[in-house]
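According to TrEMBL, the protein carries these features:
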TRANSMEM  58-84  transmembrane segment
TRANSMEM  166-186  transmembrane segment
TRANSMEM  198-217  transmembrane segment
REGION    224-247  region 'Disordered'
TRANSMEM  278-299  transmembrane segment
TRANSMEM  311-333  transmembrane segment
TRANSMEM  345-366  transmembrane segment
TRANSMEM  372-391  transmembrane segment
TRANSMEM  403-426  transmembrane segment
TRANSMEM  432-457  transmembrane segment
REGION    468-512  region 'Disordered'
Amino acid sequence: MTRADGTGGTSDGRLDPEALWALERADGAEKVQEAGDGARGSECGDPAAAVTAPDGGWGWVVLAATIIVLALTLAFPSCMGIFYTDLQNEFHASNSETSWVPSIMTSVLHAGGPFCSVLVERLGCRATVMLGGVLSGLGMRARLGFCFSFQPAVTILGHYFVRRRAFANAMSSTGTALGLCTLPFLGNYLHAELGWRGSFLVLGAVLLNSCVCGAVMRPLGAPERRRGPPLMNHGPPPEEGSAGEGSGRMRRAWSCLAAFLSKHMAFDQLRHNARYRAFAIGITWMMLGFVVPLVYLVPYATAYGMDQSRAALLLSILGLVNIVVRPPFGVLFSMPWFKGRHLYVFAWALLVNGLSNSICCVGPGFGVLLAYVTVYGLSMSVVGSLMYTVLMEVVEMSRFPSALGLLAIMESVTLLVGPPLAGFLIDRTGQYFHVFFASSAVVASSAVFLMVAFYWLDARDRKLSKRGRAPALPEPARPPVDLAPGCQYRSVPTEGDKDAASANGAENVTSI
């Protein structure tokens, strides 16, 4: 019974559930039980009643596991340069043909995003990471396993960290650096002892460690929810008659396809969210030349007489620079001053990264290439630390998995054609430095595009604010759909989240 003073209390002085819910929303607090061992209910929680992101605790274990997963997946294609000459000689292939090996590996690693999103929905983040480890370990041909490992690891990290998200993303990105630092040494040793075939078998066994990392990524608990009827039953009733039945079947199929694309690939964000659209276009163009120098650095050095082990040392130094630099960058970028400026810092670092490739054009000497990997590594550290943080800022966290999936699909196209185009350029010119010059132009131009596009969008929003109109924001948060088992929580909102929620008239709910 509602009290006369309008507070929504019951006759015995207690607040009824609706009044308590209203007070929680008004205060902006998330007074729900903590995640962890004491969490109740099943792994698939009710989106309306989720758990708080711990921002620590077991999250540190998940962070450590994510670092190892990224070391075993994202850094692995870059180490194929050690086996580049062996593959070329074994199969009597040109540079363009041989470059398809790391190209397809990297492309499929990203292109599996939507499939990974479906598996995360059905199996949860933990099981999907373990499945990816099995696929990667069983066969070096099963490149899709890389995607199934790294993407859920990045996703579940977003559940465990909210206030410290920039720091957690920066720390997790050290996994790529760790892989760049250690895998070249391991690959070079295995290459000398076992040849390229035996090395692939041993490296496949090493990739099985992703299963161990996935096992510790336990889901955040959430209360039980009642499951409704399946999606296929939500369509309109079938019409009578054969023509009507066929038309109804087509409408239901189209409705299911539209729901699937909206859920796992953020085409709506690509249409209506200008910031996400600009970011996706810039990153897609960037990937055409971003990984090419890592593929051709070792072949470039060895082609001019440098010892194989010394050339592999360059990749390890690159990884070491990333390991040393990324943690302090993570702490630095978590400071309040960088709030709202992450994209511009990212774009400037990307510009430096692109221009650094031109250093290789000076010559193939060890001193020149050492200076190159140092500058490249410093700028790469900033790019890797901020890439997922920027993406989480331009889209609502509830849409992050689908936005990441669509971005991964777009990236996979340029990642697929980049190395073969570079190999074709080497075959036609007979010189490696043309590749580094082309990569410099591509990556630097993508950085300029991002800076100009976001500066224009910010100026437009400021102008709209002065006119008294609300700036264009991403679409209001809809009630989240049941997505990933064990991958739902209600976060303690940051200041930016609160502003976005109040502007949209919606509660800040993070559900992936």
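Note: Cβ is positioned from N, Cα and C throughout, glycine not excepted.
What you are looking at is a predicted structure, and each value in this text was computed from that prediction instead of being measured.
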_I'd like to know if the transmembrane segment (432-457) touches the transmembrane segment (311-333) in this structure, counting it as a touch only when three or more C-beta pairs sit under 8 Å and are separated by 6 or more positions._
no
*Determine which recorded stretch among 58-84, 372-391, 432-457 has the most C-beta pairs below 8 angstroms with the transmembrane segment (345-366).*
432-457
*asked:* Please determine whether the transmembrane segment (198-217) and the transmembrane segment (58-84) are in contact (criterion: at least three Cβ-Cβ distances under 8 Å, sequence separation 6 or more).
replied: yes
